[in-house]
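Asker: This is the structure, below, for whatever I ask next.
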Amino acid sequence: MAATRHNERDGLSDLRRDRQRKSGKMAPSPSKRKERSEDRAKDRGKEKAPGKEGTDKDRGRDKARKRRSASSGSSSSSRSRSSSSSSSSSGSSSGSSSGSSSSSASSRSGSSSSSRSSSSSSSSGSPSPSRRRHDNRRRSRSKSKQPKRDEKERKRRSPSPRPTKVHIGRLTRNVTKDHILEIFSTYGKIKMIDMPVDRYHPHLSKGYAYVEFEAPEEAEKALKHMDGGQIDGQEITASAVLTPWPMRAMPRRFSPPRRMLPPPPMWRRSPPRMRRRSRSPRRRSPVRRRSRSPARRRHRSRSSSNSSR
């Protein structure tokens, strides 16, 4: 009996130990829990630290890459830099998921910047064929327009004909055609003298005359000597008369003959409207005049009554 009891106690003690071991494995002490939580937090902090450093480095590299691509404008160099930066960023951030995402974003930004720089360099370097054609057309048009402008300028620059006609003003009424012919014939041959006459006094002039010389030099000579000179004691004026430009006859445009409209049909013709003359003239209201007859009659009646008395 004693041996059986001793065996039972040993078995119970073994069972308790097993339970204690299991309970120790399943539920550790609070001190051990704190230690384990601290260790885990440290491990996480260590893992996050290289990830953050990798993201900061990637951002700085992206900015530097963009500046370099904008300044240089070469697509090949930007592509090589983006590939090297993406490989280095992927190697440094292989332990963390955030590092891998940032490396992929940086590689995308690098590829987009390289594509933009390549497109800008290609657009600035060589113009499209459509633009070249447009520029060539503009140049050809400008070349064709130049000779026309030169012709217009030559026409404008052509010297105006020198005047041969002189206007003489402020003449007295005593001066005649013979006097002007005698004075101005000393400067050259005179073609014509025009001296308009007053309408109401045909033997008197209007106070001015036109003298036309054969050569423009003679007209200039007469202007020099006679402008401000005196005829019949009065100072006269002499000025050149510019000949008008010959007017070009405009070509007449013959208008087509107008077609005569056919007469309207009989049933559409309206009867001729005759002006109705009023047979009886308009009656005017008679002007009322004061009649003195009744007053005279009264006077007569009174006189007759007085005579009868």
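For all residues, glycine too, the Cβ spot is worked out from N, Cα and C.
Sharing the record's features from Swiss-Prot:
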type     : residues : note
COMPBIAS : 1-17     : compositional bias 'Basic and acidic residues'
COMPBIAS : 35-61    : compositional bias 'Basic and acidic residues'
COMPBIAS : 70-129   : compositional bias 'Low complexity'
COMPBIAS : 130-146  : compositional bias 'Basic residues'
COMPBIAS : 154-166  : compositional bias 'Basic residues'
COMPBIAS : 270-302  : compositional bias 'Basic residues'
DOMAIN   : 164-243  : domain 'RRM'
REGION   : 1-166    : region 'Disordered'
REGION   : 249-309  : region 'Disordered'
Asker: DSSP-wise, what's the residue breakdown of the domain 'RRM' (164-243) into helix, strand and coil?
Answerer: 22 helix, 26 strand, 32 coil
Asker: Summarise the model's confidence over the domain 'RRM' (164-243) as a mean pLDDT value.
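Answerer: Averaged over the domain 'RRM' (164-243), the predicted model reaches a pLDDT of 94.
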